[in-house]
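Per TrEMBL, Mn(2+) binding site is recorded for 28, 80, 164, 168. Marked as domain 'Manganese/iron superoxide dismutase N-terminal' by TrEMBL: 5-88. Per TrEMBL, the feature domain 'Manganese/iron superoxide dismutase C-terminal' maps to 96-197.
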């Protein structure tokens, strides 16, 4: 029976330095992300969800209080895999490709988008995520934030870009300075090639 596995990072542990350190990636990916994978496999073993894809598990359990543990772990596995791919060595800066025009269309300018995205990430109380989402593949863009493990898929949205604002995502490198982490993500880390691929509905390694 197929099990959910921990995907490797799409870059080396030192490739995002000095913005995101090797220590952060080792703790965040190898420990936090992996724990969700282990928990999920334990929770679905011997159930009708065993052997399903992450998307199928998330869709089947979203909104079902009796399956909250399964949903939370499955969504966190998916969210984290998506987040890793949203960053790249020598990333960041203004949007590129199709998204450059689509962001201007939706927000008025890249600068306005960055301001609204940063505001969502900054004001997400406690743990959670800020997202650039589309209402459909190649559709209308908007910004949303989700608490804890919640994910756009559970709300019928297409995830295009995300930043993890759980404290363990940035505390080693930024301590409690969440706004500095957010601005660094936008200026130096965003992988616009990946965001463009997801906006266009292309599978880019996240769905395993």
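Placed from the backbone N, Cα and C atoms, the Cβ positions cover glycine too.
Since the structure is predicted, the reported quantities are computational estimates derived from the model, not experimental observations.
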- Query: Quick one, of the binding-site residues 80, 168, which Cβ has the fewest other Cβ within 10 Å?
  - Reply: 168
- With the Mn(2+) site defined by 28, 80, 164, 168, which remaining residues of that chain have Cβ atoms positioned within 8 Å of the Cβ centroid? 29, 32, 33, 83, 166, 169
